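S.K.: Sharing a structure below in structure tokens format, with a few things to ask.
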Amino acid sequence: MGFHCGIIGLPNVGKSTLFNILTNSNIPAKNFPFCTIKSNFGIAPVFDDRLNVISSIVNPNKITTTFMEFVDIAGLVKGASKGLGLGNQFLDNIRRTNLIIHVVRCFNNDSIIHVHNNVNPIYDIEIINMELIISDLQLCQKEILKLKKKKVHNDKIIILENCIHFLQNGNMLRDLNLSNIELKIIYDINLITLKPVIYIFNISEDSKQESYFDKLLNYMNKRNNIFITIKILEEMQNEYLKLENNNYLNLVKNDKSKINDIIQTGYKILKLQNFFTVGKKEIRSWTIPIGTTSIQAAKKIHTDFQRGFIRSKIISYVDFIKFKNEHELKKFGKIRIEGKNYIIQDGDIIEFLFKV
Ligand SMILES: Nc1ncnc2c1ncn2[C@@H]1O[C@H](COP(=O)(O)OP(=O)(O)OP(=O)(O)O)[C@@H](O)[C@H]1O
Ligand SMILES: [Mg+2]
């Protein structure tokens, strides 16, 4: 599994349409608020062009890609944290994800109902964010009560009190800059505003001429938010998608890239990378966090690999595609034997040697 991603936003903004495109599904995505009334789960393969290159050298029977999971929930509305609308019941599904995709309506189309009768992206974003803030606030308060009942006055309470203070000032916890130790202590609470977010601006042909669009870009850039501008309508799938964000600006032109951009942005934010296992029967990509050691990666494939780990045989991707066969790779000393603490590099081709 690559990573796990939750799709949120106001009702009727294009969440399920996006979900369908990402996961190649066909759940209802119709023109009325609360079309989605239960959580939908779906997976999308993570395209890694390097798999195709490896495949052209090895000619395996099977190619298996790593994949990521998406969950699409009902739209959130103002007052969701007090029980209004449907979305709040599903926030729990979002709490278990690694990354949030926040879909924002930027398209003009009078026939598509807007719950506030007016396209106003910044206002819409702030409504949703405020609901998430209140939801986290409630969760922190509940957790503190629980801890106090147990009469434990520990570090967790102090960190949570700090979080409450920050949330009460209308901030998202991801901006609090908690240390890794603090994050670890409160990890189990699954606070939503701690999770990284990618804003998806669902635009129409004329969105960019609207005065709200410039204001929106300013608003995003000021906050260093990551956003992707996309026309989500299925019939527009073949048109351009522009990945616009402050640091990486790309123009890509096909559907596969559309999915890929969201996934690649997720990889960057979550600091993930792929390694490969290569054999005649199957070549396969696996996703791991940057900094993963050989033995941790072995566990990802099979616990036996970890239990009986002896060493790993590593070929870097660049060497593999240059020398192409074992004989040449050996001749030029490009097959390395590494121990369990070796830090895996992006694109490494790995064979784990183990005994159980
Ligand atoms: N860029 C766009 N331009 C015009 N219409 C769009 C665009 N994107 C989505 N729509 C339309 O908006 C309607 C709502 O889409 P969708 O069902 O995906 O929204 P949703 O956010 O999942 O809604 P809900 O919260 O009710 O489940 C659909 O009719 C869809 O075709
Ligand atoms: Mg929906």
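Heads up, the Cβ atoms here are built off N, Cα and C, so glycines get one too.
Since this is a predicted model, take the numbers as computed values, not measurements.
Grabbed the feature section from TrEMBL, which reads as follows:
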- 3-260: domain 'OBG-type G' (DOMAIN)
- Asn12, Val13, Gly14, Lys15, Ser16, Thr17: ATP binding site (BINDING)
- 271-354: domain 'TGS' (DOMAIN)
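Could you place the listed features in the three-dimensional structure?
M.R.: Around the Cβ of Val13 (ATP binding site), the number of neighbouring Cβ atoms within 10 Å comes to 28.
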S.K.: Those binding-site residues, Asn12, Val13, Gly14, Ser16: which ones have a Cβ sitting under 6 Å from ligand 2?
M.R.: Ser16
S.K.: Restricting attention to the domain 'TGS' (271-354), give the mean pLDDT.
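M.R.: Averaged over the domain 'TGS' (271-354), the predicted model reaches a pLDDT of 92.
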S.K.: Counting all other Cβ atoms within 10 Å across every protein chain shown, which of the binding-site residues Asn12, Ser16, Thr17 scores highest?
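M.R.: Its Cβ has the most other Cβ atoms within 10 Å: Ser16.
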